[in-house]
Structures are given as C-alpha cells and as structure tokens.
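Asks: Take this structure, written in structure tokens, and hold onto it; I'll ask about it next.
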Amino acid sequence: MAGSRVPRQLFLQGVAAVFMFAFASLYTQIPGLYGPEGILPARRTLRPQGKGRWQQLWETPTLLWEAPLLGLDTAQGLELLSLLGTVLALGALLTRQLHHPLVYLLLWAAYLSVCQVGQVFLYFQWDSLLLETGFLAMLVAPLGLPPNHKQAPQGRPGGVSPHEGLPFWLVRWLLFRLMFASGVVKLTSRCPAWWGLTALTYHYETQCLPTPAAWFAHHLPVWLHKLSVVATFLIEIAVPPLFFAPVRRLRLAAFYSQVLLQVLIILTGNYNFFNLLTLVLTTALLDDTHLAAKSSTSRRKRMPSSWPKALLAMLTLLLELAVYGLLACGVVHYFGLEVDWEQHVVRSRTMFTFHQLSQWLKTVTLPTMWLGAASLAWELLTALWRWVQVRGSLRKLCAAVQLSVFGTATVALFLISLVPYSYMEPSSHGRLWTGAHRLFSTVEHLQLANSYGLFRRMTGLGGRPEVVLEGSYDGHQWTEIEFMYKPGNLSRPPPIVVPHQPRLDWQMWFAALGPHTHSPWFTSLVLRLLQGKEPVIRLVQNHVPSYPFHQQPPTYVRAQLYKYWFSHPWEQGQWWRRQWVEEFFPSVSLGDPALDMLLRQFGLQDKSPPRAGGSSNTLSQALHWVRKQLSPLEAPALLWGLLGAVGAIKVMQALLGPQSLPRTKEEKHKPAPQEDSVAASKQASPAPNISSGSQTPRRKKSP
C-alpha cells in the first residue's frame, strides 16, 4: 500500500497557507468592522456575566477574555491574534520544523477566538470549514517516535508513527461530507434553477463577487450551461463515494475531478480562501507513489510478474472500467443526455422527481455512513499492523500510547461528524445513535464538525439585486458611494480579489436579498458613514481620497435597490447594465428620529464608550504602528505580497541550500539501479563508497 507522507506534508503546508490568508485578510478589516468606531464593535460581544473564569471560557471559547490583562481592548486583541496567526502560519509555511501539533493548535485556537466575536461578518461556511480543518491539521501534524538505532523493517521509515494515517483519513471524510452535502442540498432545496439545470445561466452574474472570466462564461450557450450543471452533480454527488474506493486509480480520478471543479470556480468567482482550502483537502486522495513522478522504466519494473498478480491487475482494471461505465450510464439515464447532431448540441433534462430523490436519499444516507465506518475500520487495522512492526520496547510503548490516543480521537470525531452530516436527511438523523448526539452537543460550540451545503438556492433569477448607497449635502443632489469590490460602476470590470474576502461587500450582497430590517448591521453602517468614521470609510474605499465624501461627511445617506445584469457582447465599454427597483433605505441624517429608533430597536446604540488611556500601553502603541505601516496597502495586494515573499524564500532555499523532500518508503529502501553500479565500476576509484553513492537522488519540486 502506498504511503501518504508527502500528501500529509502538502496538507499541512496548505492549511498553513490558508490560515495565513484568513488572518491577514481579516486583519485589514478589523478597525472598520470591530473597532470602537466600527460597524459592530467587538467589545459588545464580550461582557462578563459573573461566571467563573473557566466556565466563561468554555461557554465562549476565545482568548480575547485575556486581552485586558495585556492592556488591550477587544478590537486590539483581535488585531494581536490576527497578526500572531499570520506570522505563525507564515512560519509553518516556510519551515517544516513548525509542522507541529502545538502550532496548529494555536492557529485553530486563535481563529476560533476570532470567530466567537466575529458576529455576522464571520458567519460563513468556509470559516467553519477552516476551523474543522485546522483542528484536523493539529492531529495530522507528525509526532515522531524515539530514535531507533536498529534497522527499520523493510518499507517502514524509522521515524514514522503507526497512527499517522488515522487523522489524515478524517480529512478525506471531511472532503466527502463537504462535496456530497453540497451536491445533495442543491436538489433537496427544490430550487427550480437547479432542477431545471439552468442554474449556471444565472450563477455567473448573480454570485457575490464575479471575476472578469465570469462575464465570458455567462455568455456561453445555454446547452453548455446545462451540461455543466450535470457535470457538477456528477462531481459532487456520484464521485465522492470513490474517495474510499480500494482501487487507487479510482481515488486519483476522483481527485482530478474535484480539482477541475475547484479551479473552474476560482477562475469565475472570488470565493476568498474557500476553494483553496477545498483543494488542500483533496490531498487526502493522493499517495506518495503518485507524487514521486517515477520514470517509465520503474513503472515497467512494477508490472506483475506472476499470474496471480496479473489476474488481480486485470480484475482491478475491469472494476475501474465498470465504475466509469456505471457513472456514464447513470448520467445519461437520470439526466436524459441526447446529442442533437443537426443543432450540434447536447440536450439534457432532469429525469427523476423530488419524491424519487427523497427515497434515494433515505436509502443511501445511512449506507454512506457505514461506508465511512468500514473505511475507518480498515485504517485502524492498518495502523495496528504497523504498530506490530515497530521494533524496540520503548518505541513500541510510545507507539501504543499514540495509537490509543489518536485512534480514540479519530473514532470520536467520526461519530461527532455523523450528526451534522445527517442533517440533510431528517429520518436518518433521527435514527442516529443517541451517544453521537450527546457527544456532538457537548462540543458543538467548538465547531469540531459542521454541516455544509453551498449554493443551496440560486438567487437573482430576475437579475442580481444590488444595494447602492448614496450621500448628499442638501438632500437634492445625490452622489453614489462606490465600493471597491462589489458591482456598482457599470463600466468597471469585476475585480480579482481572491484569496481576500471583503466581508462588508459580501454582507451587502446578502442584504440586497431582503429588506434592510433583516440586516441590522446596515443601519450601523449608515450611521458610521454619516459620522464620517475613517475605519469604515476604508472598508468602502481603502484609498480615502477616492471616497466622494472624504473631506466632509454627507449630511444625508440613503440606499437604492437596483437589478444588475451583465452587459451584452455588443455593448462596448460596459460590463454591467442595471434598472432601478425601489428605495432600500430611506434618507436619514444624524439625529433623525427614524435612525435613532432603528438603532434602539437593533441594540446598536453605544451605551458603553471605550476606555481611554489604552494608547499609552506599549503593546497598544506597537499595534498602532503596525496598522499605520500596513493601512495604505489594499488587502489583495498584501495577501499576494505575502504569497510572493513565500515563493521568493522558497526559491532562495532551493538555490542556496538544496534539500530533497522526504523520500517515500519505497525510495528509501530501493537499491541502486544495476546500470548505474556497472557504470560506476568502470570508473577506477580508490574509494568504492563514492562510486554508487555519488548519484544525486531524484528531487521533487518543493510544494
């Protein structure tokens, strides 16, 4: 069986990179979102209620409770955590010495602390996904065994612990839950766009932050959009069970299908770090053999030499072909695929009913849980077999302790995850073991396992609703307040901001889907714009002179609701077209009774002003200095700058101190090729230990 040492290293590096992006992206927005003059000041969320310290920490698990001990308020504590998280993640990305469980525990704890006070701006599925992935990374991070001076068994590197494959299996299970649920909820929501296979005819222009490529994708033929929806259902519903296939080529095919989907989403939409994190999860489908990039000669040497092995290889190939054929027949049958040779199109339509889907879901939900349990049982048996091979009493004892702890943790996390996974099918949720429910309810607030289901319903079927803020000095001449990232100016192309998530722009998209009373924070945004608070202005326009009211705050602010569509191909110089719908938020000014009433209704009036004197604290002054240095940079530039710095350092490390990646188990014990030894023997040399050892081992590019 191929090992997974290199994929685990890639996973840990990928998680570190995503944490770096998440912390740095949030850091740039903290003053405007959570500062004393922000939209939703964070200090309102952490108010002692007379409970004990540990009880308070358990009920609201955040390190920000300790911020006053450092002389910081809650917002400054957020900045400190974000900066430390960015630096720690950057270090883990650059050096493997920081691929330690404690490092990933700190990253997870810091992000959990941030999410506890993030309120509506951190209520996204990818924030929950990052927390769950970060906790798994803590378990995946290697814990070596004591050194062994005796030779390790064939195929077993001496420092590898038997339990290391168990937590990494949970990553595969998480990827399965994410993709399978995301596909199923599109149909269980009864959204007519998904059932009619027309979702992508709307998606590209109605998603929150499209990219320029989305404009071109939107104008593709309708039949291709519908075929793409069919492919999406195939990749998200039919392919994920192959994650647990015993045939590795089936797992690799599943891997490449998931990568294809995520890359296409990245090209057409700005979904911050979500798709990057999903790509990181797909490393659980890889193995060392696939990443070793061995030559064709070595592949020929692995061809079966005996007839039992040849028969097994033939049966495996037949199984692969049967699976591919079954998938193809299923897609053709359930989506009515037909080739229209006259029109040169592929026609598709949904050939099943909602009742049939519900019955199918009742049939497969519990079996998929048992599939996961069977796969986990195999991993446990494999880990036990590896433990049997450990040599040395001390090493065997340490390995037994590690296997017991991590095996128990793996089984417990699997049981916990079954509860949110079963949300998509109520009857299966009710039949789940009560112990799993109790275990989940105990740790639910830690977000160790979450339910997922992205793009449940397609919005904006009649055009994307968009809120446009306007300001005025006299109440007659109105000037639009243009945001940096969300659609507004008809002639401005959609930006590329990934992996940054502009949290305010995202919430403006959600606000447009309903009345402003469904988004209480919007009233606070209007108040801050009337007050001319610079931290909030920087969320709208980081370059303050680009903000139309940078010299003097507007006297009046209102909001209009428009419907936006992508422009037609023949409309030169425009990316969008729009139509006015209605007034979204009435014209208000400071002291307006209507505004004051809304602030009281939503509890947004600030009754406890921040304490003065915090600026004299040395740590507070240091945070202020860092903020002053970084504030001129736009968030995407900062994040891409960090990534560029990592790339440059990696290149310098490769040039100045080349070190090969950890070799796979097969490579470590692979004898030198015969032709190399023969060639070496022809070179007369008094030092025979140089002849065969001078060959530089094949190196893989650093990830």
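Placed from the backbone N, Cα and C atoms, the Cβ positions cover glycine too.
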Asks: Among the residues N489, N689, which does Swiss-Prot list with the feature N-linked glycosylation site?
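Replies: According to Swiss-Prot, the N-linked glycosylation site annotation belongs to N489.
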Asks: Check the DSSP secondary structure of N489 (N-linked glycosylation site), expressed as helix, strand or coil.
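Replies: SS state of N489 (N-linked glycosylation site) = coil.
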Asks: Pairs 6 or more apart in sequence, C-beta under 8 angstroms, 3 or more of them: is that satisfied by the transmembrane segment (10-30) and the transmembrane segment (227-247)?
Replies: no
Asks: If I restrict to non-local contacts, at least six residues apart, and a C-beta distance under 8 angstroms, what lies near N489 (N-linked glycosylation site) in its own chain?
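Replies: N489 (N-linked glycosylation site) has long-range Cβ partners E482, W576.
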Asks: Give the nonlocal contacts of the transmembrane segment (102-122) in its own chain as ranges (CB under 8 Å, at least six residues past its ends).
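Replies: Tertiary neighbours of the transmembrane segment (102-122) are 12, 15-16, 19, 22-23, 26, 29, 33-34, 40, 42, 45-46, 60-64, 74, 78, 81-82, 84-85, 88-89, 91-92, 130-131, 134-135, 137-138, 141, 446-447, 503-504, 507, 519, 521.
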Asks: Go through the chain and flag residues at least 6 beyond the ends of the transmembrane segment (637-657) whose CB is under 8 A from any CB in it; none is fine as an answer.
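Replies: Sequence-remote neighbours of the transmembrane segment (637-657) are 17, 20-21, 24-25, 28, 86, 90, 93-94, 499-500, 630, 702.
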Asks: Near the transmembrane segment (227-247), which residues from the same chain, at least 6 beyond its ends, have a CB less than 8 A from one of its CBs?
Replies: 172, 175-176, 179-180, 182-184, 186-187, 194, 197-200, 253-254, 257-258, 260-261, 284-285, 316, 319-320, 323, 327, 330-331, 335, 337, 346, 348, 368, 371-372, 374-375
Asks: Grab the same-chain neighbours of the transmembrane segment (399-419) for me: Cβ-Cβ under 8 Å, and only residues 6 or more beyond its ends, written as numbers and ranges.
Replies: 136, 139, 143, 145, 161-163, 166-167, 169-170, 173-174, 177, 369, 372-373, 376, 379-380, 383-384, 387, 390, 429, 432-433, 435-437, 439-440, 443, 448-449
